[in-house]
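For reference, the structure is listed below as structure tokens.
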Amino acid sequence: MTSLLSSYVLQYPTGLTNPRMYSKTEMNSKSHPSRSTAQHKALSALTGRAAFGVEAEKEDKEDYEKQKPTLNSRARPRVVAVDPKNSKGPISEAVDHVEKLLVKLMYDSSRPQHYLSGNFAPVQIETPPTADLPVRGHIPECLNGQFMRVGPNSKFAPIAGYHWFDGDGMIHGMRIRNGKATYASRYVETSRLQQEEFFRSAKFLKMGDLKGLFGLLMIILQILRLRSFDISYGLGTSNTALTYHHGQLLALHEFDKPYVVKILENGDLQTIGMLDYEKRLGHSFTAHPKIDPFTGEMFTFGCSFKAPHVTYRVILRDGFMHEPVPITIPEHIMMHDFAITQSYAIFMDLPMYLRPAMIMKGKSVPYIFDGMKNARFGVLPRYAENELQIRWFELPSCFIFHNANAWEEGNEVVLITCRVQNPDLERLDGAMTGNAKKYISELYEMRFNMKTGLASQKKLSETAIKFPRINESYTGRKQRYVYGAIVDSLAKVTGIAKFDLHAEPEPGKDKIKVGGNVQGVFHLGAGRFGSEAIFVPREPGISSSEEDDGYLIFFAHDENSRKSQAIVIDARTMSAEPVAVVELPNRVPYGFHALFVTEEHIRGQAV
């Protein structure tokens, strides 16, 4: 999101090159590359189950493996080496001088910078692999692999303002083998970061700069400055999320294309380059693609400031990307996540609108939430060749950052999500105060009836829950358990809660505690804060074991001792006693999304 305004000015007349968001061929395309009859039959078999069951899913997967066409010799998409060409010149120097003068005369330097202090503050250096870390308890064998979390970590001090979304992407990784752990942290070497390294200072516009007349002038300076920069590789930070597909670890940012990062044998992390899928990816790439654990396909979308505003893509397990399916949204909105079932993809047209004029009204984020407008949810057959079959449903106004999962039950499509009642991106611009309005983010079940066209919703938790995760072997299928991060008013994770979707919420609660559908809560304790927890099954894939038979792993920080740890807890019992605690050599700042990559996938990397 940090490149939002830079992306915006690039897509409207400014005298600069306008990056292609869609070619005419893509926009007019009415067809996907055809799938074989055998594959259609296999996919039909996969979607024909009314209720999820381990044995049924085993049969489905066996049927699919028998019937699916053999993958041809198509090579995986090539990685594009990112080598931006920029130059220092009179325009760049003049912009620097004017910027310094503007900051001195117009920027309020006394304004608090919450997200540059405490454990939100960036770490100053990368950490090379540090082996044989102290371990209390034991690390289970199923955690052999690499646990990682990405987040914003500005390499250069901001010139003026700073929003939490602004930082350069840094991956914190922990390599685990045979009960031993190695830690490393590395920046994702994006085009943006490489160019700032060339100039040895922050050069790109930040969301935290966007307030009033000062913000408008900073936008104008950015337009002038970009004449000296190479924008051909995009301007993203890769600071949001990670995924693993077609043999490659991808670092993601929703206003850019994926960056490929290699996990080295010693646990180190190396940026290889960018993916544009043989120049067929002409739009941005969501930070939250979905991977079907049975077909191996990845489903993704990208947002644009231009109509039709959303483009949907399907990527086969070998990395081949199908033709784009434009999804028409009336105007540009913030769509951070979506969901899939065995048969459908679910898009969210939520009333969080782009309003650049808000900058002149003193807002630091050019998005505004309209609580008077309903939330719309579009359900599209996931292999649709166009948007003609999409069904739109409406529910009361809300915003959603993250979904947990979705599936089908009879005529209904079910979505489990974290519904935000009062989204306010201003809270993340660095000026947080103790009087900030309570953040309301609750677990919800939403149902869309494909027969009647009606939608309904049910609250499943108290506030505030975010970063919902599941056993990802159940992605797109009915599952029972959801693990969510409990957050306080300052966006800090105070614990992890386990929800049982087969149980009813307990009435009369004013906070998240055990009882009703809350099966367990792991509290970190006073002064200790965590992050998104990833579920790792005791046995990989769907097996005869229970859905919650596995572990949760996450990074945590003790603000009293100023030490960071990796914590492993039992996902079934949610015991207060961790299974393992790994002492980390350096501080791990609070960040965004995490991922676990198995040893098998590390060995199978295609880079």
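The backbone N, Cα and C atoms fix where each Cβ goes, and this holds for glycine too.
Residues annotated as region 'Disordered' in TrEMBL: 17-42 (among others).
Feature annotation from TrEMBL assigns compositional bias 'Polar residues' to 25-39.
TrEMBL lists 55-88 (among others) with the feature region 'Disordered'.
As annotated by TrEMBL, compositional bias 'Basic and acidic residues' applies to 55-68.
Per TrEMBL, Fe cation binding site is recorded for H288, H336, H402, H593. According to DSSP, H336 (Fe cation binding site) sits in a coil region rather than a helix or strand. If you draw a 10 Å sphere around the CB of H336 (Fe cation binding site), it holds 20 other CB atoms from the protein chains shown.
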Cβ-based neighbourhood (8 Å from the centroid) of the Fe cation site, residues H288, H336, H402, H593 excluded: T240, A241, A287, D337, F401, N403
Chain-internal residues near H593 (Fe cation binding site), provided their CB is under 8 angstroms and they sit 6+ positions away: R149, V150, T240, A241, L242, A287, F467, E532
